[in-house]
Amino acid sequence: MNDKALLIALAPVVEENLHLHGDAAEGWQPQDLVPWDDGRNFAFLGGEDWAPEQSTLSEIGKLALTVGVLAADNMPSYHRELAKHLRIGPWWRWVGRWTAEENRHSIVIRDYLVLTRAVDPVALERIRMTHMTNNYNAPAMHLIEVLVNAAFEETASSIRHRNTAKLAGDPVVAGICEKIATDDELQRDFYANIVVAALDLVPDQAMRAIADRVRGFKVPTIPLADGRDSTTDLAEAGIYDPARQDELVFRPLLEKWNVFERTDLGVDGEKAREELASLRV
Ligand SMILES: [Fe+2]
């Protein structure tokens, strides 16, 4: 089935999951989680500019939140990638909803980082400009691959935020990251549920998409100061380790999709499933 036909065939499932998501997602307020009393002006308005000793946040907390805000700030790039594919009816409303949620994540982390002086705001702004200008280009994907990939990315993001909550050593950071992780998990469920419907509709085609995306999956890497990159630093900090992707990202979703127990596959689907079995899990 081509992508246009799939968009139409899956639209009722998208509509249903849009409602499920709306009912389950807590409409939390980013300003509630930021300790505004700790803030003060920068030199431009007569206060004092940032200096490293102004923050007591752990290095792990600074790293993980810097990656978190830059990943969310690059949301217009992801929005463009999604919007290329999901342009009709409930799909389009989902793109809007997802984008607004990601924007809330960047708002709350940025407010926290700048207000508590956890990181150099000038350096952060410089990296944000570079990151957004360099843009993000996803590999060319068909519709089901886009959905599978998004389910993997939201899973990875929720793991990153849950670990940041645990390892940053700060209750305010934990509060922020738990909220974001809960949103990520609901977003993961949205994409994963549409993949369930795609598997029922076109099992061989969906199995092929899953095998290809497991093989090709990479979390987006964020450039950091001094030429470091987020993937290496997060792995070293125990926040997100790509070596554990099979166990933590792929396996739970392959189980949800009932990949290894399905009995409705044709020759092409069986071939894709064999690849999956030998690939990683
Ligand atoms: Fe997310």
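From the backbone N, Cα and C atoms, a Cβ is placed for every residue, glycine too.
Note that TrEMBL annotation is computational and uncurated.
Keep in mind it's a predicted model, so treat the numbers as computed, not measured.
What TrEMBL records for Glu102, Glu154 is Fe cation 2 binding site. The Fe cation 1 binding site annotation in TrEMBL covers Glu102, His105.
Between the C-alpha atoms of His105 (Fe cation 1 binding site) and Glu154 (Fe cation 2 binding site), the distance comes to 13 Å.
For Glu102 (Fe cation 2 binding site), the number of other Cβ atoms no farther than 10 Å from its own Cβ, over all displayed protein chains, is 23.
Look at the binding-site residues His105, Glu154 and count other Cβ atoms within 10 Å of each Cβ; Glu154 has the fewest.
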